[in-house]
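Beneath this line is the structure, given in structure tokens, with notes to follow.
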Amino acid sequence: MADVRKLKNYINGEWVESRADKYEDVINPATGEVLCQVPISTRAELDQAAVIAEQAFEKWSQVAVPRRARVLFSFQQLLIQHKEKLARLITLENGKNLSEARGEVQRGIENVEFAAGAPTLMMGDSLASIATDVEAANYRYPVGVVGGIAPFNFPMMVPCWMFPMAIALGNSFILKPSERTPLLMEKLVELFSEAGLPKGVFNVVYGAHDVVNGILENEIIKAVSFVGSKPVGEYVYKTGSANLKRVQALTGAKNHTIVLNDADLEDTVTNVISAAFGSAGERCMACAVVTVEEGIADEFLAALRTAAQNVKIGNGLDDGVFLGPVIREENQKRTIAYIEKGLEEGAKLTVDGRETGLSEGHFVGPTILEDVTTDMTIWKDEIFAPVLSVIRVKNLQEAVRVANQSEFANGACIFTNNAKAIRYFREKIDAGMLGVNLGVPAPMAFFPFSGWKSSFYGTLHANGKDSVDFYTHKKVVTARYSLKGYEE
């Protein structure tokens, strides 16, 4: 272990050795190899970063918006140039296959591209005449220092929801990446600095509870963006709000896919396999439950089982691999425990992913549990793994009722060619992001990532116009300019 590199925090434009007493191993989940060690930084280090970020904000917020946008454009171009390197880093520390990693990098680039439109996004509103000789204008201003807490499952895309937009709009930023996937952030920091970002505007502090609490409690930090599990998200929202911060917390999910009798069988199976088992099911837009109409159920499920059994499992860097590992051994054990809990509660295991035949790494194969009911733990809980529950239903109305019983409401999908059914689904389903004949309805950067119910805590979502509102506050100026003396 003496040769394992210890990562440093990034504060005021410099890589600074942490004062942490504890470091955690960063592991390649496909091989078990220790890639590096990440510091579990102290509260004092977070507080130091906050002071630096506040000082940087005073200057950065005064930089002309088009000039800030040019830094973002330069950053975007550098990301494009290093796309393959970034993708390989994601696969190395996260485990998802290289194709998925490339897709994630592209999504991150698109978020930076959207943020580079800051001159348009920052525009306010005005009305030339609200009364005699009186006009009003609405101006946007950055809120100040912003904190971000990011998860392991999308180490590029999710942070790129946060810091590029916040910084483009004139804020400074402190990011706590996941301690499980910190390597990618090193490269992003390097490229952002190369793009011309001034020192102190973007800071990275690795860590765990102390750093999270620092972000939530430090008075300098005015807003917090979080993506992660429901229990932590609830804590972040309650604690941050109690400290008078703006908070957006994107949390858990249990996404339902509805398959109706008229669905295109081959296309639907392909989409469900990708949505349920892509990224090892470790994404908040994964398909967790399929509700399938009785008329197509037997044929659909037979094809789905066959497709799941033919999925290639292995190291995401290897050619042809579709399903990589889950992030850690404890996640693997937790997933297997959920599968066995499903069996205890009466579900039927038709594709068993507990044994993959791989001697190293933390793998769970595609798993399908049928005859699931809404009182089962596997239906209620977010498993966050390649485990798919199946419920047979009589019709669309029943499928919607099943989905709406979940405490989560991130996304939902329907496969059908019936326009009336699509309209009914759109109007009646309780979910913020809907897909029609596609499996993962994650919106582009210019639309909000709009989970409902226990999938989101806050008012303003990530991405889209919501993100502009979240990272800015407004001043309305009402002015009287008498035209007396200019009469014709």
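Placed from the backbone N, Cα and C atoms, the Cβ positions cover glycine too.
Ser229 is the residue from Ser129, Ser229, Ser274, Ser359 that Swiss-Prot records in the NAD(+) site together with Ala150, Phe152, Lys176, Glu179, Arg180, Thr251, Glu382. The DSSP secondary structure for Thr251 (NAD(+) binding site) is coil. Its Cβ taken as reference, Lys176 (NAD(+) binding site) is surrounded by 26 other Cβ atoms within 10 Å in the chains shown.
Looking at Glu179 (NAD(+) binding site) and Cys284 (active site, nucleophile), their Cα atoms lie 19 Å from each other. The distance from the Cα of Phe152 (NAD(+) binding site) to the Cα of Cys284 (active site, nucleophile) comes to 12 Å.
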